[in-house]
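Notes follow once the structure below has been shown.
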């Protein structure tokens, strides 16, 4: 099977040199993504499209799923390639493929052609369309809005019959734009804003300000890992965690109640600017939307930006909450966000919506900035690919096993798409399907007299979720490894 990758239209209108660079980067990204999962694939770059050849038929659904989640791809054509010798040969190949699909249907033929031939694209459309109309009695030609569009691509002495068209993610390939640092809290907004910059071609690193202990950090790591694993595995990214509990304590003790929200955000962008400068990252990304909460008025946002040494970007600035939640649902972060508490909103009871700069500066004069510097100096840096290993060191260890007892139930915590693609079937073992993002709300409703062995394909999410449940006080959880 062969896939033809069509590029995001904005790439095609670039100058020749820029377009060539973008296509080269996208080809490299596709290789990186696919080769993490299978070696039975070939990727070939062309002038205005990319070919992907699947060598093993069983891996076609996996390859297609990965391509649909790769930024820079407008759409994917699933095609069958075959040689031809004449115009009639093209018709015969097309008839063999479509004779059953066109019964009692309206259809039209659309042809794209490259190379030197004795016929034009219109000649092929007329010949093949007329032949199909004659051979299939119940079929009828309809040039506008037909039931079936027969698509044929001709290149030299080969023809491609398009079996299916799949929409891609769009956007620019990761690496065509400069890196950004996303301030991720685990809520709806920060996850969506991170995704939007990934789709726009930036490599997104993550900076997390821990206000709620180990369980809060585990939850945010789950979201960051989920976004990375679905949309940006072509690139290595960093996860930076800064313990901000001491900073919050200093603010609570020394800053006027009404100014706390703005001061906290200013401390965050100060710290993030230092991290960004260290790694030559050009901008900070936040999930703020205009007027959504008290600190997100134009006056307050301007004062927050004044504390930053880096450019602050807000892709959601005009988005409604309803639209943000819909996007979170689309990318699979909504259920994680639902279980995440909003710590920033609880430190100020009467927040100002129109902070005065002189007042903010005065309040920050009471703040001991050594506390902030110490928090930044003690930040932890993690390659997101090693997130499970680092978590094991930081939090209570979780037992992993492949042996089962009568009290053991396996919890398949993969996403519904992964479950459908590779169902987990084990002889003499009860398997319950419960996606990882529902564990925080539904685990308590399970029979707690049983032991639950959490399973995911790579073991990353199962370890994180087991650690999260241990933090919540559940001792009847382990990680399940498939027997070899």
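Cβ from N, Cα, C; glycine included.
Among 175, 258, 287, the residue that Swiss-Prot places alongside 183, 184, 265, 296 at the ATP binding site is 287.
The Cβ of 456 has fewer other Cβ atoms within 10 Å than any other of the recorded positions 183, 184, 456.
Pairwise Cα distances among 183, 184, 265, 287, 296, which the record gives as the binders of ATP, peak at 16 Å. Residue counts for the domain 'THUMP' (61-165) by DSSP state, with H, G and I taken as helix and E and B as strand, are 35 helix, 38 strand, 32 coil. Cβ neighbours of residue 296 (ATP binding site) (same chain, under 8 Å, six or more residues apart in sequence): 288, 289, 290. Applying an 8 A CB threshold to same-chain residues 6+ apart, the list for residue 287 (ATP binding site) reads 183, 185, 187, 188, 189, 190, 191, 192, 193, 314, 316, 324. Secondary structure at residue 183 (ATP binding site), as computed by DSSP, is strand.
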